[in-house]
Every structure is written in structure tokens, then in C-alpha cells.
Amino acid sequence: MSTATMTEVAVHNAAHLVGSIDFNSIGEVEARRIMSYEHKALGYRPPPGSLASQAQAEAAKHPKGGPSPPDPALLKKAALNDAAKIESERGHPIPKTTVVDGIDFSNITEAEARKLMSEEHKALGYRPPPGSIAASAQAAAAKHPEGKSEIKIDPQVLTEAAIKDAARISTERRSRSASPPQVDVNKVSVEDQKKLQSLETKLLDSTAGTVSAAAQSANAKKEID
């Protein structure tokens with residue numbers, strides 16, 4: 001399995017494991033926010049089964065929401081994540097808007113651009129091409145090498161963006177298919193399992209329930225057998 005394909009698998013898998021929201025705390029205001037974020041990211045109205053659609057249905061039961069409404073930042077992250085999942089399941093590259101969220105190119109520094117280039121290069125297995133987030137960041141940083149010293153981008157945001165953009169590029173370059181790459185965990189080598197785990201660790205707080213965890217379990221079973 002190529003490095004770029006593994007990155008696609010890791011990003012697609014991570015999209016199913018993050019961004020959960022307690023619908024009991026969702027009111028009409030929060031549901032509208034989710035719909036707005038997801039609609040903008042997709043470029044079309046979120047379909048039935050989407051996070052936005054579910055949020056609207058739940059909010060209708062309790063329009064004013066719960067006593068502790070979710071952080072708007074969490075709503076946005078969940079909406080963008082769901083948009084990426086929907087496009088990935090349709091065999092499309094994830095929307096670029098879901099990749100660059102949280103990165104201001106007008107303030108990015110050369111050091112931050114180098115970090116993006118390094119992470120995206122590792123995730124693709126080759127130098128990120130023109131149009132990649134890494135290439136765009138380098139071009140922007142060249143105009144203001146120091147950026148704004150008081151504005152720093154979280155390294156984790158840079159890492160996640162680089163990996164997600166690598167998956168987007170890999171999908172675009174792959175022959176157009178109706179679904180993301182499929183992985184038989186029983187055929188994943190120990191080396192590939194470790195690479196997948198490394199990618200998933202950068203995207204998730206825990207690798208429990210991931211493809212790499214299933215592959216690790218399958219490899220352990222082979223050793224016992």
C-alpha cells in the first residue's frame with residue numbers, strides 16, 4: 001500500500017471517529033450553525049443522514065437546546081468533519097475548506113510553512129505539488145517570512161491540515177472510483193500497520209477502533225496461530 005493511499009485510509013477512518021456532539025444540548029440556533037458550516041464546506045445542502053440534518057431533527061424536539069450548549073468551535077469542527085466524511089464516502093476529494101480551517105495564510109510564517117511541507121511530504125510519500133496546502137503556505141510565507149509574532153498556529157492544526165490535504169491530493173490523483181480505498185486488515189503488513197498507526201495518532205486522541213488497531217490485532221493473531 002502506498003504512503004498516499006495509507007493517508008487516505010487514515011483520514012477517512014478518522015472522520016468516522018471524531019466530531020461527536022450531544023444532540024440533547026442542541027437547539028435551533030446550534031442546528032442552524034451546523035447547517036451553515038456544513039453547507040458552505042460541501043457547496044450543496046447537506047443530505048439526509050448528515051450531521052446537519054440530524055441536528056435539525058433533534059433541535060425540533062427542544063428548540064431552545066440544553067442548559068449547556070456546545071462550544072461553537074466544536075460545532076464547526078464537527079460540521080467540517082462530517083462534510084469531509086460525506087465527500088470521502090462518495091469517492092470525492094475532501095473539500096479544501098475542511099483542510100485549511102484554522103490556518104490564516106496572511107499571517108503564516110516560514111517556520112509554519114516548513115512544518116506543513118514536512119508533514120505533507122511524509123503523508124504523500126513525495127513532494128507536495130502546486131496547489132497543495134504546503135505549496136500555498138510557502139508562497140504566502142515568502143511575502144512575510146516572520147508572519148505576526150503574536151499570532152501562532154497550533155502545530156497540531158498544521159499537522160492535521162497537512163495529512164488531510166495529502167489525502168485530498170491522493171484522491172484527486174487516483175482513478176475516480178465510487179468509494180475510498182478498502183483495506184483488508186488481515187493483509188496489512190506489520191510495517192504498514194505501524195505507518196497507519198503513526199498517521200492515526202496525529203489525527204486522533206486514541207487509535208482504539210481504528211484500522212491500524214484492527215490490523216495490529218490481526219497480525220498478533222497470525223503470530224499466535
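Quick reminder: no glycine exception, Cβ is built from N, Cα and C everywhere.
Under the heading region 'Disordered', TrEMBL lists 45-74 (among others).
Look at the region 'Disordered' (123-154): DSSP puts its residues at 11 helix, 0 strand, 21 coil. Annotation source TrEMBL lists region 'Disordered' at 123-154 (among others).
Residues or ranges marked as compositional bias 'Basic and acidic residues' by TrEMBL: 143-153.
Residues annotated as region 'Disordered' in TrEMBL: 168-192 (among others).
The feature region 'Disordered' is assigned by TrEMBL to 206-225 (among others).
Long-range contacts of the compositional bias 'Polar residues' (207-219) within the same chain, counting only residues at least 6 positions beyond its ends with a Cβ under 8 Å from a Cβ of the stretch, are 9-10, 13-14, 17, 183, 185-186, 188-190, 192-194, 196-197, 200-201. Here TrEMBL flags 207-219 as compositional bias 'Polar residues'.
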How many helix, strand and coil residues does the region 'Disordered' (206-225) contain under DSSP?
-> 14 helix, 0 strand, 6 coil
